[in-house]
Structure formats: C-alpha cells, structure tokens
Amino acid sequence: MSVARRSVAHRAGRAGQYLALCAYLVFLAFPLLWLVSTSFKSPQELGAIDPTWLPRSPSLDNYRDAFDAQPLLRSALNSALVAVSAALIAVTIAVPAAYVMVRFRSRISQAGTVWILISQMFPFVLVIIPLFLVLRNLHLINSLPGLVLVYVVWNLPFALWMLQGYVRAVPVELEEAAAMDGAGRLRTLVGVVLPMLTPGLVATLMFSFVTAWNEFFFALVLLKSPEKQTMSVILTHFIGAEGVADLGPLAAASVLATLPALLFFALLQRRLVGGMLAGAVKG
Amino acid sequence: MGARTSRAAAAALTLVVAAGCAGSGDGGADDGRITLEFLSLAWQEESVAANEALVAEWNAANPEVQVRYVQGSWDNIHDHLLTSFEGGEAADIIHDDASDLTDFANGGFLADLDGLLPDELRDDIPAESWATTTYDGGVYGVPFLQEPRVLIANTRLLEASGVRVPTTEQPWSWAEFEDASRALTVDEDDDGTPETYGVAWSMREPVAQSVNLSLTTGGQVFERQDGENVVRFGAADSAVAELVNRQVHEDGTAPEGSLGMSGSETLPGFFADRYAMVPLNFSFRQQVSQQAPDGFAWTVLPMPTGGPEHGLAQGVVPQTLSVAEDSEHQQAAVDFIAFLTRPEHAVDLALGDWMLPTSRTALTDPALNAAEDGWAVGSEIAAELRPSPVLGVRGYPEWKDKIATPAFQEYYAGALDLAGLRDELTDDGNRILDRYQR
C-alpha cells in the first residue's frame, strides 16, 4: 500500500515538474510566438482592441512588404559574415589566452583578469567616439572587417572569462599524462585540452555570435554604406520618429532576423551538452 | 580537432578578407565629379520612394554632382550624428529635426547656410519656420516638413453627440472642447466607468505636447530674460495641462489609462469606440487610415484655441536638411537641398510622410488641400504654426529627461499638484538651464 502511495506521489511530483517546465517554456517562447503571429496579421487586425492569438486571416503581405522595403537578404548576409567571423576569431584568440591564464598563474594573468572585469564596465556611448577615431586612422570606418575587429575586441574579455572556467575544469592529470607520452605544450593544448573544451567552445561561440548578430549601435555608427549595413540596423528602418513603427513588416523582418540565431543554436546545442569530461579520470 | 580548429581560423580570416573586399570603394572626387552623401531619415515606404526618385532625377540631370542616398534611422540619431561629426565622417547632407540643431550648431558641426541658399527658397518658406533653424544669426538647416497636433475624431460618435463640428475658421475654444468631451462621454450602465470616453490623451512623452500646446493659450514655458532662457509656468503656460488633468481626474471625460500610452497605442481603443477623439500628430493619419476597420469613418479637427487672439497657434519642431561643416562641397550640397525642397518636390515628400511642407507654394497644391484624410485641415493650420519654444534652448534635453518628464507624468497621474509641478519645472529646471548658459 505504502509503495503504491509512494508511486502516486512520485508521479504527481514528476507531473508537477513537467508542468513547471511547460510553464517556463511558454514564458520563454511567448514573445517569439507572439512575434510570429504578429507577422502574419493585417494592419486592421494589429489595430484591433482585442488581440488575437492566431491571425484571423493569415497573410504573407508583411513579409512581402518587408522584402520590398529593405534589403533584408543582403543585410542578413552581412550580419552572418560579421557575426561568424567575430565569433571564430574571438574564440581562436581566447582559447590559448584562457589556457595560459589558468595554467600559468602570474602577475600578468592576474592583471588580465582585472582587465576583463574593468572592460565590462564601459558603456558603448563612452567608447564610441575614441573607437571611431582609432578606426578612422586605420581606414576601417565603413568596412565590415572594422566592425569584426570591434566585435572581437568587445567580446574577447567575456569569452576569456567564460573559457577560463572550462579550462580550469579540465583535469591537469590528463595534460601530465600527455606530457609523459612526449606531447609538447601545443600538442597537449590541441590534442588533449581542446577536445575536452568542446562544450565551452560552443557556448563561447554562441555567446559571441549572438552578441555580434544583435549588436546595433556600433554597426549603425561605423557602417555608412547601405550595402554594408547589418540586419539590426536595417530593422530600425521600419521605425520612425517618436517610436512610430510599421509594425507588421517590422515583425516579419524580426522573425527573419531571429531565424539564423535559432538555426545556429539548433546546430550547436547538442555539442553544448556533450558532457565530454564524464569518466575521463577515475576517482 | 586541431586540423578542424586551423580550418575554422583560416575560414574566419578568409571571411574577413572577403568582407573587406566586398563593396569597398566610396564615391569620391573622380574626374572632377563629386559625390555627396545624403543621410535621409525617411522611413515610410512612400517617403523613401519619393526621396529615391528625387535623388535619381538629380543624378540624371547633374552628372558632375552625384548624390548617394543613405537611409538612416531616427533611432539614436543624435548619438549617431555626434559620433560622425566628432570623427569627421558625417554625411554632406543631413536630414534631422530642428531640436537637434541647437547643440550641433553650437558645436560647430553644421555649416551656416546663410549666403548659400537661393532667394526663391528663402522667400518660399515663412520666417517662423526659418526661426526654428536660426541660431546666433546663422541658418543651420532648411526646415522642410512639419506637423501640427490635430484631433482625430470618430465621425459617427461626433455626429451622434450633436456637438458643433469645429473647423479651422471656427475652431473650438478649450471650454467648448471640454463640453464636447462631456457630450461624447457615454456611461450607459452608470457604473462610473464610461464605455466611451470623450478624449484619450496619450502622454507617454508629455513634455513636448504640454509645451507646444501651451501656445494655444498664449503660454510658451520658455522665455528669454536678459539674453538667457528661463523656464516659467504661469497661468497661460499651464492652462492646457490643467485642462488635461481636470478631464482625467474631475470630469471623467478622459481615461487615466491612456496617460501612459503612446499615440499608436490609443488607436485600438479609438477604433473600438472606447475613445471618441484622440489628439495626435498629423502624420498619424497614415496609421489611422491603414488600421481602421472597414467602414470606420474618421475626421480630422483642428486643436482647440485659447481665444481669437491666439488663433490656431501651436509649437512645432520641423524636420530639417542641413549641411555638415566638414563637407568640401557646401554649395553643391545646398543646391541639392534647394532641388529637393522645390515646391513640387516638397509636395511629394509631404505626401510620402503624411506631413505638411513648410513651402508656401507647396501648401497650395490641390493634393494637400483635399478633404480626404484631413489634408485640408492641416494645410489651413500651417500658416499659424510657430516654432516650438524648446528650440534653441540649450539644456532642454536634460531639463526634459530629468525634470519635466517625471514632473508632468506625476501631475497628470494626480500625484503632484499644480504648485508642485510649477516648482519642479522652474526651480530645479532653471538650475539645469543655468548650467548650460554660464
């Protein structure tokens, strides 16, 4: 009898957990679903006092208008180019840097940690004018490589911070074992540490990609040519003075702007939860 | 994994190099041909199309002076321009609004157009509009589009109420407006919460409205004393603010809920008969025409007046076209601006943005005097519009953000009385302005 009661309680608990999980998912997904729903609504429906969950007469007009009004595809390609480049470069630099900062404790690595923390305190507005002048001297205004450089610099501190934690979690015994087998530092880093860092690398890549993909102000200020503008800048072209917006096309363009990031997550999320370290070292 | 990492790094570098090569090459001096950059903030589809068509027409007729159209964004425009100016990379021709010009003119970023502008253009735009872009004797922009506040009313409810429908020749007085709001307010079940409110004031951004509408009663909030800007908030300045407060908290003819809304957010309630009238900027008519349910009839009415001596005066902040001080081709840039603002072109731009041109000739165009969509009401008001008192006041943005916005919001919400509002606007407010005028 008591076993049965325990089983019922267990099931009820599990049901409660799933319920909470569902509620959390709804909470997370609601803005996205609402955005998708809005993108298929007519202007009249958007102006109705009782909002509808599902469009009454779904139409692709907003998508058509958005594509007609703005170069969405070109701006998406620019964004992808910049975000992927910035993410890859930031991670490529951050991996060896984080390794050195964790494994070789020195004043420099401590200073590096302080630098990371300090660099997170500067708001965009404070650095934009000096940054603009520096980039102008390097002839990198109005160029996508210039924007990539800015994003790499902007993302690097946090990427380093994230990766340090992952590097610290790699058992040093594995590296010692590799050294015993005759591997040098570089070989150890590439052949032993790097594979174990996969979840960390993926998480850092995702963070860097999404930050660069969403970034607006640097892209707005640094890119002048219409053909180089990124998606986040193009989206604001649907918004007028005093916040008046062309809501339907804006929603449609925003849905399209969200897709690459979702795709990127979908591709990489399995690696994120890989649990590579499980069972690597006994005891 | 090592090989994979190397490949990833190589791919990243390739991408960056490719990005650098793609689309490089700015238009500069080339065989004596010059290229001007035109940063436009037009955003509505028709308006962008009108701008692009005019740029194409100019480029076809002026092979030596080509103009490159760059679509900017109202979002963060001040910071965007400031950075470009400081970095010496601003566009030659800049679209903005007059409220931004004070700081940029003071900073020496904008060219003084006095002496560069053709006489026809100077004569075609009224002195009141030029006053919005003139500081210390210099002209720092061509005011070309403007929009007053108007009342957009539900035609069916207006007719059913039996109130006199105001015209630009015989507008409502504010007292008549209060009466009309009462007549339009319907509380059928008598529960104290009307099914239809006479008017919905959208006051998310309360300062510009409160200051600009104070002109209807002879107020102006900002005045010049001994060459300095001073905030005052006397009876004439506060009359409209008091009326709004009264409608919300005493008459019950305006809902408290709409005070936190933007103009766009009041429209669903307007279409659903919750609000019979909504005071909105003239260009909101486009949204109304797009979103109104089939068969919904709406009327554009002039804002009420404080009396015959004040006419239909209200403050406006026109959109402007300026030339960067750093531009090497200031005269060519002004020539393009003169082309863009020719009366026949100003009509196209105004229609595209659902706004009014400042050009007197353009205002006589039949398209801008059609009864449909209230165009005629706007054109008839145009001559009475005045520069917003906030223009030319250094420190206004800080006064607005730190003092006036919270103070007006508290006042309209009933958390602050008139004396408290006056104290905050003037005592703390003048301290801020003083700082900018030392």
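Using the three backbone atoms N, Cα and C, a Cβ is placed for every residue, glycine included.
Residues or ranges marked as transmembrane segment by TrEMBL: A:15-36 (among others).
Annotation comment: TrEMBL describes A:76-268 as domain 'ABC transmembrane type-1'.
Residues 109, 112-113, 144, 147-148, 151-152, 155-156, 159-160, 163-164, 166-168, 189, 193-194, 197, 201, 204-206, 208-210, 212-213, 219, 230, 260 of the same chain sit 6 or more residues outside the transmembrane segment (A:80-102) yet have a Cβ under 8 Å from a Cβ within it. Among the features that TrEMBL reports, transmembrane segment is placed at A:80-102 (among others).
Residues or ranges marked as transmembrane segment by TrEMBL: A:114-135 (among others). Beyond the ends of the transmembrane segment (A:114-135), by six or more residues, the same chain brings 141, 146, 149-150, 157-158, 160-161, 217-218, 221-222 to within a C-beta distance below 8 angstroms of the stretch.
TrEMBL lists A:147-167 (among others) with the feature transmembrane segment.
What TrEMBL lists as transmembrane segment is A:188-213 (among others).
Below 8 angstroms of C-beta separation, residues 32, 35-36, 38-39, 62-63, 65-66, 70, 72, 76, 79-80, 202, 205-206, 209-210, 213-214, 231-232, 234-235, 238-239 of the same chain, each at least six residues beyond the ends of the transmembrane segment (A:250-268), sit close to that stretch. Look at TrEMBL and you will find A:250-268 (among others) tagged as transmembrane segment.
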